[in-house]
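Among the features that TrEMBL reports, active site, proton acceptor is placed at Asp69. Sequence annotations record features per position, and here TrEMBL assigns site 'Important for substrate specificity' to Arg12, Thr70, Gln157.
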Amino acid sequence: MKQLILASASPRRKELLTQVGIFADVVPSEVEEKITKTLPAEVVEELSRQKCLDVAGRMAEDCMVLGADTVVAAEGRILGKPGTLKRAEEMLQRLQGRTHQVYTGVTLAEVKAGRIVRAETFSSCTSVTVCPMTDEEIAEYARSGEPLDKAGAYGIQGVFAKFVEKIEGDYNNVVGLPVAAVYQRLRGWPS
Ligand SMILES: Cc1cn([C@H]2C[C@H](O)[C@@H](COP(=O)(O)OP(=O)(O)OP(=O)(O)O)O2)c(=O)[nH]c1=O
């Protein structure tokens, strides 16, 4: 396989690729993310494409570029990163005691002789059921710092695992990258 460039600053995505033996160089996208869609699957696909094509357009060497974006969809709303403690608590209040969906969009592009010669976009959805949480549990978890940089204000791979009743679909998709689907697609691409 050609050198893979990961157009994402998310350490979790890099770790997931490394876990399956795909060693990527990181070149984070600097694109201003612009949402024109409304369905969560379309939103993550659109954002993953913007991140991927931004970085791919700057590559001079032959390579593959991967962009990804993750959001949580709950009761018709799309939840990104909370950014503040208050927003984190509001999001967790919305998720506790219910089932929601996590969507990750992925775009893969091939760069040849300084040009993008191919790009493919797809998304993956996982359902996550969260146990009922008390107000104290929500406040304590929000204060832990874990939620702030994560879509939906939680990290399934961290302390929040104790509130996850069940999931349906790819676990790694929740963490930020459906790594099996990525590998299966990359396998079919030119070496
Ligand atoms: C739901 C959930 C999300 N997340 C993370 C994955 C993503 O890093 C983050 C969603 O933010 P994204 O905007 O998808 O990605 P990012 O800002 O981390 O990186 P970049 O924009 O450079 O690609 O939430 C978890 O780590 N665990 C979880 O359980």
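Keep in mind that glycine also has a Cβ here, set from the backbone N, Cα and C atoms.
For the pair the residue listed as 'active site, proton acceptor' and Gln157 (site 'Important for substrate specificity'), the Cα-Cα distance reads 17 Å. Non-local contacts of Arg12 (site 'Important for substrate specificity') by the CB criterion (under 8 A, 6+ apart in sequence, same chain) comprise Gln157, Val175, Gly176, Leu177.
Counting neighbouring Cβ atoms within 10 Å of each of the recorded sites (Thr70, Gln157), the lowest count belongs to Gln157. Summarising the environment of Asp69 (active site, proton acceptor), the number of other Cβ atoms within 10 Å of its Cβ, over all protein chains shown, is 27.
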